Structures are given as structure tokens and as C-alpha cells.
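Here is the structure we will look at.
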Amino acid sequence: MSWCVGGIVFSLLVVGILSSDASTESFKKFPLLMPHVKPERAETYFCTPIRIDPTQEYYVTAFQPNASMETAHHMLLYGCETPGSDQDVWNCGEMALAQPGITTAPVCGSGSQVVYAWAKDAPKLVLPEGVAFKVGGKTPIQYIVLQVHYASVEKFKDGSTDDSGVFLYYTETPQPKSAGVLLMGTGGRINPKSVEYMETACSIDEDKVLHPFAFRTHTHGLGRVVSGYKVTREGSFDRWQLIGKKDPQLPQMFYPVANDLVLRRGDKVAARCTMQSKRERITRIGSTNEDEMCNFYMMYWTDNTVLRKKTCFTLGPPFYFWTRDGLNNIPDADASSLAIGTSAKEQGIPSHQI
């Protein structure tokens with residue numbers, strides 16, 4: 001079996017068992033890499049696609065980055081129904097600067113969803129046994145698009161090119177659990193010489209049972225702590241359970257969740273980025289390294305299809321805060337601290353429920 005990139009057919013490599021506790025079947029490996037590009041401007045975002053066989057469903061079980069933070073600021077893999085362009089490479093940043101001879105277009109033409117993200121030399125990600133992203137066939141993911149952000153182009157001034165990307169491990173054997181990603185984030189701004197909370201929250205409004213198993217945080221230089229929670233309304237009180245939190249200046253990999261929990265219809269997911277600015281200017285959410293980002297990725301599995309809702313975004317400060325969304329018993333100290341293992345009371349659980 002083969003996949004197509006820019007009209008070129010690539011053969012697939014059998015790579016064997018992914019880990020000691022994986023099944024005994026062989027997995028295959030596919031290289032989704034930039035085709036030796038040469039970005040000419042700082043803050044460039046390039047995209048390159050693969051077209052997946054529409055007659056065959058594949059099950060992606062692991063992601064191995066082929067990149068260095070010295071070259072790539074971060075990488076994202078998107079699942080698309082259609083790509084943003086039919087070119088081998090196109091310029092795809094939200095605030096993309098035109099480059100001679102290169103088309104400017106969005107990542108996806110339709111059906112966009114994040115599948116994987118990498119930054120700061122994060123290592124390989126292997127999904128739990130039996131969990132996979134289903135792609136190709138009759139699924140909504142007909143293309144996988146690699147986006148690479150080049151914050152600096154100093155490395156390319158000597159004529160060097162780049163093949164950053166991700167090796168996809170997959171099987172054609174159906175897997176019992178479907179993987180999905182909910183991307184949470186905010187807009188907003190950070191005032192000069194201040195600490196700002198950038199917060200978001202959304203309700204689960206579909207009849208699905210979600211099992212979070214990994215999380216990832218992402219900010220630029222001002223992020224100090226990014227935390228995510230399950231919030232359950234019990235009577236008039238909100239019960240907060242930590243999904244995960246991390247210093248976003250550490251390798252921005254997917255980490256195991258802090259607690260084994262389940263999300264159902266009516267539950268909320270909430271995330272906060274604690275930002276600290278010593279700058280003399282306002283810093284806004286944006287796509288360049290001089291701007292900021294606030295993202296919490298929740299990777300989960302379900303026995304059925306994944307959520308239709310792929311993102312959870314708010315306007316951020318000064319327009320949105322958890323308190324304005326009617327949330328209570330907010331674990332302010334815990335949400336902005338890297339300490340793990342705080343008490344139920346510190347996590348905002350009312351005393352009559354402890």
C-alpha cells in the first residue's frame with residue numbers, strides 16, 4: 001500500500017513492534033517531511049500535504065518527530081477533508097508574509113482538525129495500546145498536512161534546506177479505540193509588567209464518553225504555567241479535577257494526564273495559561289514569536305466516533321475569564337502553580353464533598 005505526496009508515490013517501511021507492551025503485529029512507517037524547503041523570511045509557516053488512499057482506512061498509532069528546535073519553532077499535523085492548496089508546499093501562517101513563487105493559503109480547505117503537535121525537542125509519542133487516529137477510507141481525514149513554523153531563518157542563509165517533519169507509524173488492522181484531540185486556547189492581550197490569566201472553558205455537549213490520556217501545553221516566552229481541568233457541577237458547586245499542567249518552557253510534548261478521569265455530556269473542560277510579562281509593551285495573541293499563544297491540547301480516546309467539536313476558544317483577557325462564565329470554586333492557586341498533589345480543598349472541592 002502507498003500514499004501520495006505531490007503526485008509521487010512513496011513505499012512504506014515495515015518497522016516492527018512499537019514498544020514492549022504493543023501487540024505482536026508489525027506496524028508501518030511513513031515519512032511526512034518538508035521537501036527540502038528554504039524559508040527566506042523569519043516567522044514563516046510552510047505546509048506540505050499527503051493524500052491518503054480513499055479506499056483504505058489506516059490507523060495511526062505513533063508519531064516520531066524529525067526536527068530540532070534550532071530549526072523549527074514548532075510543528076503541527078492537521079487532518080483535513082481537503083488541503084488548503086494543491087501545491088507541494090505553500091505559505092500557511094495566519095499572518096503569512098508573501099514569498100516569491102510560493103502560494104499563500106490556509107492549512108486546510110475544509111474539515112480542519114489537529115492530530116499532533118511538537119515543539120522544544122519533544123520526543124516520540126506512542127498512543128496507548130488499541131488507540132489510534134483513523135484516517136483515509138470514508139473518514140473525515142482524507143489528507144494529513146504538516147505545518148512547520150520557522151521563527152528564524154539564520155540557519156538557511158548559507159543555502160541550507162530543511163526536511164523537518166514527522167514519521168507516522170500506522171497499521172491497516174482496525175483498532176478498537178478512536179483517538180481525538182480537543183484544542184483549547186484564547187485570544188486576548190497581556191499588559192506590560194503584569195501577570196495575566198488567559199482562560200477558556202467549554203461544555204461537552206455530545207453523547208460520548210471521553211477518556212483523556214495525554215495533554216500538551218503551548219505558549220511562547222511569557223508562559224509560566226498552563227493547566228487544564230474537568231469541571232463538574234454538583235448542586236451549586238463546581239468540582240475541579242486536574243487533567244494536567246506543565247511549564248510550557250519545557251519540551252512541549254504530550255505528557256500523561258495527572259488523573260484517570262472520564263468526561264461525559266454536561267461536563268466542562270477548562271484551561272488557564274498564566275503569563276508573566278516584564279515587557280514595556282502590550283503583548284497580544286498572534287502567530288509570531290513576538291506575540292503570544294495560549295494552548296492546552298487534550299488527547300483522548302473513545303469507543304465511538306470522536307467529538308465533532310475540535311476546538312474550544314474564548315476571547316481571553318480583558319473580555320473573558322472563568323468567573324464571567326459562571327464557574328465557581330476556582331482553584332486559583334493550583335491552576336497557576338506547578339505543584340502537583342494539592343488537596344481537594346485547594347482544588348476547589350467544597351468541604352461537604354471531601
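Just so you know, glycine gets a Cβ as well, placed from its N, Cα and C.
The Cu(2+) binding site annotation in TrEMBL covers His73, His74, His149, His218, His220, Met293. Note: His74 (Cu(2+) binding site) has non-local neighbours Ala117, Trp118, Ala119, Lys120, Val148, His149, His218, Gln252, i.e. same-chain residues 6+ apart with C-beta under 8 A of its own C-beta.
What TrEMBL lists as disulfide bond is Cys47-Cys92 (among others). The Cβ neighbour count for Cys47 (disulfide bond), using a 10 Å radius and every protein chain shown, is 28.
The feature disulfide bond is assigned by TrEMBL to Cys80-Cys108 (among others). Around Cys108 (disulfide bond), a 10 Å sphere centred on its CB holds 22 further CB atoms from the protein chains shown.
Annotation comment: TrEMBL describes Cys202-Cys312 (among others) as disulfide bond. The Cβ of Cys202 (disulfide bond) has 17 other Cβ atoms within 10 Å, all protein chains considered.
Taken from TrEMBL, the feature disulfide bond applies to Cys273-Cys294 (among others). For Cys273 (disulfide bond), the Cβ neighbour count at a 10 Å cut-off comes to 33, with all displayed protein chains included.
Here TrEMBL flags 31-156 as domain 'Copper type II ascorbate-dependent monooxygenase N-terminal'.
The residues of the domain 'Copper type II ascorbate-dependent monooxygenase C-terminal' (178-323), classed with DSSP into helix (H, G, I), strand (E, B) and coil, number 2 helix, 83 strand, 61 coil. Among the features that TrEMBL reports, domain 'Copper type II ascorbate-dependent monooxygenase C-terminal' is placed at 178-323.
The feature signal peptide is assigned by TrEMBL to 1-19.
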Cα within 10 Å of Cys294 (disulfide bond) - qualifying recorded positions among His73, Cys92, Cys202, His220, Cys312: His220
Cys108 (disulfide bond) as reference: those recorded positions from His73, Cys92, Met293 with C-alpha within 10 Å of it: Cys92
Neighbour-count leader, CB within 10 A, recorded positions: Cys80, Cys92, Met293, Cys312: Cys92
Inter-residue Cα distance where the pair is Cys47 (disulfide bond) and Cys80 (disulfide bond), in Å: 12
Inter-residue C-alpha distance, Cys47 (disulfide bond) and His73 (Cu(2+) binding site) (nearest angstrom): 14
Residues within 8 Å of the His73, His74, His149, His218, His220, Met293 Cβ centre (excluding the Cu(2+) site residues themselves): Ala119, Ala151, Thr219, Asn289
